[in-house]
Amino acid sequence: MVSVSKLINNGLLLTSQSVFQDVATPQQASVQQYNILNFLGGSAPYIQRNGYGISTDIPAGCEIAQIQLYSRHGERYPSKSNGKSLEAIYAKFKNYNGTFKGDLSFLNDYTYFVKDQSNYAKETSPKNSEGTYAGTTNALRHGAAFRAKYGSLYKENSTLPIFTSNSNRVHETSKYFARGFLGDDYEEGKTVKFNIISEDADVGANSLTPRSACSKNKESSSSTAKKYNTTYLNAIAERLVKPNPGLNLTTSDVNNLFSWCAYEINVRGSSPFCDLFTNEEFIKNSYGNDLSKYYSNGAGNNYTRIIGSVILNSSLELLKDTENSNQVWLSFAHDTDLEIFHSALGLLEPAEDLPTSYIPFPNPYVHSSIVPQGARIYTEKLQCGNDAYVRYIINDAVVPIPKCATGPGFSCKLDDFENFVKERIGDVDFIKQCGVNSTYPSELTFYWDYKNVTYNAPLEL
């Protein structure tokens, strides 16, 4: 099996220290390719995107004129449904009559990483977790770094508007981000106003999670991802059970052990379950997850571009709005919502649908690099002389707009970006194509009416 090596920077690598043997210093080794966080499907801690070497600094000769953030919540515990599956497996381990041998020998003195069931679906914090990847702490750091870079846009003694879905963990992330951004000036209702937007279908298009209102998307399902060969799971089950006769471990259980590895890292900083699999098995499982997400939340689903048009159109309108006194737009939602937005935007869209009969190398759609825990999309509006430009930073890496990257810092002129958006979603009618109830709001307005309308949906898990 792969021994997950820990480096000084707490990187978790699917390789041994031999990767350094033929180079003079560790700095010469390309170890990022082995980082286990690449292979855990976005369930594990945040990981920066592998970019193109383009500096994320504001380009010389330009000023930042507006910044938009669309962020996923931070690292969390497994959901209640995930937790139920993991507990069922743990019950099998606890009820096993015998001493565990082989790769599972650690189970002889192992304790389940979720000590309190009320933590399911919650964001990890220093209070409820033991590791270094607390979601609240990472959100705090993110907010502070964001202020350091874009603080010139923030008007002192003003009220910072923040837009968050009414998921408890999403709201929690937004709060800690705001604390990091505002520091000692943080005061709810005075220096920051949280606009809590319902995730329910009845808010229609006036939502950070418009997928809820798209009834036709709920009717749509793709069986494409199910064609992927998962016989490797049988081999894992056989390998683990062989020295432990009588243990009933199904392929579904094995698949869930990959998630166990990821979520335990969120809570404890590491997991012995990560050592159960080979390098190839991590890659195979990761691609299976990429397929599932691509054909449900990505461009493989014909409705995602339609749903994503709601946020993308609003983003474009904000970029064009020069009269608004606020130029710092902070929005928080879920991985599904960010992935759907990406489907509309198209920067990370593969040239062809993902194949199910083989793993393409390089893989053009790695879910963990698109929406890891704490994922973030920055939309920068740059003012360079008399011209305005748009640039995207996705998970801390500049991702140029296809065929529109000749501006400073590989940005795209705002007028050209508007044409790009029209080409992507100009033919979309969210209300009609999604079958949205005619009594629901037909457009997103909260970015413009939040000062006069109260958005305070009750928090839910």
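Each Cβ is built from the backbone N, Cα and C atoms, and glycine gets one as well.
Keep in mind the model is a prediction, meaning the values are calculated, not measured.
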Recorded disulfide counterpart of Cys62 (Swiss-Prot; options Cys274, Cys384, Cys404) | Cys384
For the 1D-myo-inositol hexakisphosphate site, Swiss-Prot lists Arg72, His73, Arg76, Ser79, Arg169, His334, Asp335; sort out which one of Lys127, Lys293, Lys381 goes with them.
-> Lys293
Which whole-number value in Å describes the distance between the Cα atoms of Cys404 (disulfide bond) and Ser79 (1D-myo-inositol hexakisphosphate binding site)?
-> 40
When you look at Arg72, His73, Arg76, Ser79, Arg169, Lys293, His334, Asp335, which the record names as binding 1D-myo-inositol hexakisphosphate, what is the longest CA to CA distance in angstrom?
-> 21
Close recorded positions near Arg169 (1D-myo-inositol hexakisphosphate binding site), where close means Cα within 10 Å, chosen from Cys62, His73, Asn157, Asn229, Cys261, Asn437 | His73
Residues that sit under 8 angstroms from Asn248 (N-linked glycosylation site) by C-beta distance, when 6+ apart in the chain | Lys92
For Asp335 (1D-myo-inositol hexakisphosphate binding site), the close recorded positions (Cα within 10 Å) drawn from His73, Asn157, Cys261, Asn437 turn out to be His73
